[in-house]
Amino acid sequence: MDILTAPVLIGVSIVVITVLYLFLKPAGSNSTPPKPQNKIPKALQDPSVKYPLPLIEKEEINHDTKRFRFGLPSSSHVLGLPIGQHIYLSAKVNGSLVVRAYTPVSSDQDQGYVDLVVKVYYKNTHPSYPDGGKMSQYLDNMKIGDTIDFRGPNGLLVYNGKGKFAIRPDKKSEAEVRKFKHVAMIAGGTGITPMLQLIRSITADSFDETVCSLIFANQTEKDILLRNELDEVHRNHPSKLKLWYTLDRPSEGWKYSEGFVNAAMMKDHLPPADSDVLVVMCGPPAMIEKACLPNLLKLGYKKENIFAY
C-alpha cells in the first residue's frame with residue numbers, strides 16, 4: 001500500500017463505521033437510560049433511624065379524613081417501603097412522645113413524596129376518647145413546611161409479587177416465603193390503607209395472577225375512605241379485584257351489605273378456605289377479634305393462613 005494513501009483509507013473507514021453506527025443504532029437511544037430501581041435513592045435507609053420529612057400538601061378527603069403529603073429528600077427519592085410494610089410517625093405532643101403506625105397510600109414508585117390518608121379524631125366527638133386522637137390532631141395542626149419523624153420499614157409481612165408472601169410470626173423469627181393464588185381481605189375504616197397498597201401492587205403487574213377479594217366495613221357511606229380509588233381499580237381489573245362493602249347505618253337504596261362482618265358475608269364474598277388462600281385483616285381490634293377471627297375459623301380457615309396487620 002502507498003504510504004500516502006494509507007491515511008485516506010483509514011479516514012474513509014472511520015466515516016463509514018460512524019455512519020453505519022448512527023444508521024443501525026436503536027431509535028431513542030440518544031436518551032439517557034432509566035435508572036435501575038436499585039440505583040434510585042431511598043429515604044428510609046435504616047429502620048432504627050428517624051428521618052424528618054416536611055409536610056408539603058394537605059387535602060381534605062371527607063368530613064374527618066385528610067391526605068397528608070410529605071416531601072422526600074429530593075425529587076428523585078422514593079420512600080423505600082416494601083409492599084406490605086408500614087412506617088411509624090413519632091412526635092412530641094404536650095411533652096410526651098407519641099408514636100403511630102401508618103401505611104402510605106402512595107406507591108413506592110412515586111418519586112419525591114409520600115402520601116398518608118389519616119382519619120382525624122377530634123376532641124369531644126367520641127365518648128370513649130374525649131381528648132381525641134393525639135397523632136391525628138397533631139398532623140391536622142401541622143403547617144406546610146413543618147417536619148415530622150418517619151421510621152421504617154416495619155412489619156411482619158412483605159409481598160414479593162406473583163403471589164409470594166414473606167411472613168414472620170413475630171419480629172425475632174425468620175420470614176417464611178409462601179405462595180397464594182387468592183388473597184381474602186377484610187378491612188374496617190382506615191384499615192383499608194394496607195389493603196389498597198397490596199391491591200395496587202398486584203393489579204399493576206399484568207403477569208401477577210393473584211386475585212384479591214375485599215370486604216370493606218364502615219359506619220356510613222360518607223365514611224368510606226378511598227372509595228373512588230377502589231372503585232376505579234375494580235372497574236379496570238374486575239377479574240383481579242372482587243369488591244364488597246358493608247355499612248352499620250346505610251342510606252336508602254344502598255346496594256351492598258348492612259351490619260357487621262359476619263360468616264354469611266364471608267361465605268358470599270370471600271374465596272372458600274384453602275391452602276392457597278391467604279386472609280389479611282386490618283381494622284378496629286373489636287372487629288378483628290370478635291367479628292372476623294371467630295367466623296373465619298368457623299368457616300374452616302386455618303390460623304396459619306390468617307394475618308392481621
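Just so you know, glycine gets a Cβ as well, placed from its N, Cα and C.
Database features, via Swiss-Prot:
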{"type": "TRANSMEM", "residues": "3-23", "note": "transmembrane segment"}
{"type": "DOMAIN", "residues": "48-160", "note": "domain 'FAD-binding FR-type'"}
{"type": "BINDING", "residues": "140-170, 179-214", "note": "FAD binding site"}
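Recorded features from Swiss-Prot, shown on the structure.
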{"residue": "Asp140", "record": "FAD binding site", "contacts (Cβ under 8 Å, 6+ apart)": "Lys66, Val120"}
{"residue": "Asp149", "record": "FAD binding site", "contacts (Cβ under 8 Å, 6+ apart)": "Lys50, Tyr51, Pro52, Leu53, Leu89, Ser90, Ala91"}
{"residue": "Val158", "record": "FAD binding site", "contacts (Cβ under 8 Å, 6+ apart)": "Pro82, Ile83, Gly84, Gln85, Phe165, Ala166, Ile167, Ala175"}
{"residue": "Ala184", "record": "FAD binding site", "contacts (Cβ under 8 Å, 6+ apart)": "Ser213, Met266, Leu270, Pro271, Val277, Leu278, Val279, Val280, Tyr301"}
{"residue": "Thr193", "record": "FAD binding site", "contacts (Cβ under 8 Å, 6+ apart)": "Tyr102, Thr103, Pro104, Val105, Val117, Leu225, Leu226, Cys282"}
{"residue": "Ile202", "record": "FAD binding site", "contacts (Cβ under 8 Å, 6+ apart)": "Tyr159, Val183, Asp208, Thr210, Cys212, Lys240"}
{"residue": "Val211", "record": "FAD binding site", "contacts (Cβ under 8 Å, 6+ apart)": "Lys181, His182, Val183, Ser239, Lys240, Leu241, Lys242, Pro271"}
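Per DSSP, the secondary structure of the domain 'FAD-binding FR-type' (48-160) breaks down as 8 helix, 54 strand, 51 coil. In the shown protein chains, 20 other C-beta atoms lie within 10 A of the C-beta of Ile167 (FAD binding site). According to its DSSP assignment, Thr193 (FAD binding site) is helical. Val211 (FAD binding site) carries a strand DSSP state (E or B).
The average pLDDT the prediction assigns to the domain 'FAD-binding FR-type' (48-160) is 96.
The secondary structure of Ala184 (FAD binding site), as reduced to three states from DSSP, is extended strand.
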